[in-house]
Amino acid sequence: MLQQDSNDDTEDVSLFDAEEETTNRPRKAKIRHPVASFFHLFFRVSAIIVYLLCGLLSSSFITCMVTIILLLSCDFWAVKNVTGRLMVGLRWWNHIDEDGKSHWVFESRKESSQENKTVSEAESRIFWLGLIACPVLWVIFAFSALFSFRVKWLAVVIMGVVLQGANLYGYIRCKVRSRKHLTSMATSYFGKQFLRQNTGDDQTS
């Protein structure tokens with residue numbers, strides 16, 4: 001079950017991530033979703049390997065380009081719609097309303113049982129490591145292709161930067177805005193507790 005809160009043009013939710021867990025909750029180090037964890041890295045790492053070894057794997061530029069783009073497209077869909085939801089309980093998407101206004105939506109998983117409230121720390125690290133490291137590599141490849149005048153490969157590399165950078169941007173924005181939401185909730189909670197305590201003291205006196 002996913003919950004979402006909405007503002008004018010963005011929709012925020014509280015972050016569901018291992019590092020946001022309170023200290024009194026046990027953290028799970030085991031991988032709870034091995035298939036999702038595998039495919040979270042498989043497509044993006046495979047695209048990088050094909051790019052680096054394309055000269056050895058095939059002499060056809062078109063074949064290598066199509067293979068890399070297919071792997072990047074599969075990675076974009078899997079990370080955006082599956083692995084983020086399963087591994088860290090986050091999902092982002094965008095929709096346009098009837099007035100043509102764009103709305104960013106950030107969702108987090110709401111678990112019913114205490115057992116499922118703890119995100120696997122191992123999965124969280126795998127998720128964020130793969131999410132951040134691979135786009136950085138594509139940026140390096142972009143500069144390398146640019147300075148070595150490999151113009152035909154530049155379009156492929158830019159595709160990698162755009163597709164993987166989009167997921168990175170979406171999840172980081174979700175993370176940052178959700179932290180702000182958690183901060184405002186905590187401030188409101190402690191403010192109510194402070195007022196309640198002061199009100200109780202005034203009544204007893």
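Cβ coordinates come from backbone N, Cα and C, glycine included.
Note that the structure is predicted; figures quoted are calculated from it, not measured.
Per Swiss-Prot, the features are as follows:
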MOD_RES   Met1  N-acetylmethionine
REGION    1-21  region 'Disordered'
TRANSMEM  34-53  transmembrane segment
TRANSMEM  54-72  transmembrane segment
TRANSMEM  126-146  transmembrane segment
TRANSMEM  152-172  transmembrane segment
Per the Cβ under 8 Å criterion, with at least 6 residues separating them from its ends, the transmembrane segment (34-53) contacts 64, 67-68, 71-72, 74-75, 78-79, 82-83, 86-87, 123, 126-127, 130, 134, 137-138, 141, 153, 156-157, 160, 164
Spatial neighbours of the transmembrane segment (152-172) far in sequence, C-beta under 8 Å, 6+ residues away: 44, 47, 51, 61, 65, 68-69, 72-73, 75-76, 79-80, 84, 90, 92, 104, 131-132, 134-135, 138-139, 141-142, 145-146
Surrounding residues of the transmembrane segment (126-146) on its own chain - C-beta under 8 Å, 6+ positions past either end: 31, 37, 40-41, 44-45, 48, 51, 79, 83-84, 87-88, 153-154, 157-158, 160-161, 164-165, 167-168, 171
